[in-house]
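Peer 1: Take a look at the following structure, please.
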Amino acid sequence: MSILPVIFLSIFFYSSFVQTFNAPECIDKGQYFASFMELENEPVILPCPQINTLSSGYNILDILWEKRGADNDRIIPIDNGSNMLILNPTQSDSGIYICITTNETYCDMMSLNLTIVSVSESNIDLISYPQIVNERSTGEMVCPNINAFIASNVNADIIWSGHRRLRNKRLKQRTPGIITIEDVRKNDAGYYTCVLEYIYGGKTYNVTRIVKLEVRDKIIPSTMQLPDGIVTSIGSNLTIACRVSLRPPTTDADVFWISNGMYYEEDDGDGNGRISVANKIYMTDKRRVITSRLNINPVKEEDATTFTCMAFTIPSISKTVTVSIT
């Protein structure tokens, strides 16, 4: 045996030993907080979740995908590995998928849970995306979870179906994937289907999403009663009442007062007890009423200013009273 092959073998084994010895230990970052439930026989794209959490100085040399306990021949890395694609998934493709990012000195991994389900009435609540609008408002319904499919084709054609209300002129698709609903009605609620075409390898695949639209009661704006101005005198005991009326579905509000950059809340005096707030809550005529009383005792010259009653709710409201001293 010549000495040359021995030298090459020695170099090969030494190089392999050094690479193995220097390979960084891979940090397991656990499972991604969101699970993915996708339809059978339709393309699935999963993101590598830890990429967006890596520091800007981290130089990724390699992104690897694997399925725990199975072969990886169904996985197609796309977008330079930052996403993985399965073109025609079956229920056997359900499981845990792992994204591994590495460079010369660092390695980490994170897993995602994928469940593939069939389209059936019994599964519709599992695979639908809930969205909420309010009655008598202008709302929007969005074709969900499609960004990865339209990243290279923002003008992708998206077709809506599945609900008779789509023929109503109040429902208009102004932007691909977004339906604007004018003057929302209760019977707009239900299931809507949006389908987009995804092209890969010269072939076209349908990507289907089902939206479960819920229509909640009309939000009736809260009302506030507060006088525009009050006249008082130095040394007197002054109480200013602010009355906030709420209608369902709005049932609660945080009511407080503001004056000259100072906040006054219930059980929170100005330090010497001269200015205090007391709130009382009661029900009347299907309304929840909060009466907030600002008490100033005794009145001083510095109180000749404005006091704003603020109700922090949806939407928030406020009103200002001017105190004058004679």
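Placement of Cβ uses the backbone N, Cα and C atoms for every residue, glycine included.
I grabbed these lines from Swiss-Prot:
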- 1-18: signal peptide (SIGNAL)
- 24-115: domain 'Ig-like 1' (DOMAIN)
- Cys48-Cys99: disulfide bond (DISULFID)
- Asn80: N-linked glycosylation site (CARBOHYD)
- Asn103: N-linked glycosylation site (CARBOHYD)
- Asn113: N-linked glycosylation site (CARBOHYD)
- 122-212: domain 'Ig-like 2' (DOMAIN)
- Cys143-Cys194: disulfide bond (DISULFID)
- Asn206: N-linked glycosylation site (CARBOHYD)
- 221-322: domain 'Ig-like 3' (DOMAIN)
- Asn237: N-linked glycosylation site (CARBOHYD)
- Cys242-Cys309: disulfide bond (DISULFID)
Peer 1: Pop the Cα-Cα gap between Asn237 (N-linked glycosylation site) and Asn103 (N-linked glycosylation site) into the table, whole Å please.
Peer 2: 73
Peer 1: Taking only same-chain residues 6+ apart in sequence, whose CB is under 8 Å from that of Asn206 (N-linked glycosylation site), what do you get?
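Peer 2: Result: Glu42, Val195, Leu196, Glu197, Tyr198.
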Peer 1: Count the other Cβ atoms sitting within 10 Å of the Cβ of Asn80 (N-linked glycosylation site), across every protein chain shown.
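Peer 2: Asn80 (N-linked glycosylation site): 10 neighbouring Cβ atoms within 10 Å.
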Peer 1: Between the recorded positions Cys48, Asn80, Asn113, Cys143, Cys194, which lies closest to Cys309 (disulfide bond), Cα to Cα?
Peer 2: Cys143
Peer 1: For the domain 'Ig-like 3' (221-322), give the DSSP counts of helix residues, strand residues and coil residues.
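Peer 2: The counts are 3 helix, 60 strand, 39 coil.
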Peer 1: Among all the protein chains here, how many other CB atoms are within 10 A of the CB of Asn237 (N-linked glycosylation site)?
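Peer 2: By my count, 10.
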Peer 1: For the domain 'Ig-like 1' (24-115), would you mind checking the mean pLDDT of the predicted model?
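Peer 2: Average per-residue pLDDT within the domain 'Ig-like 1' (24-115): 90.
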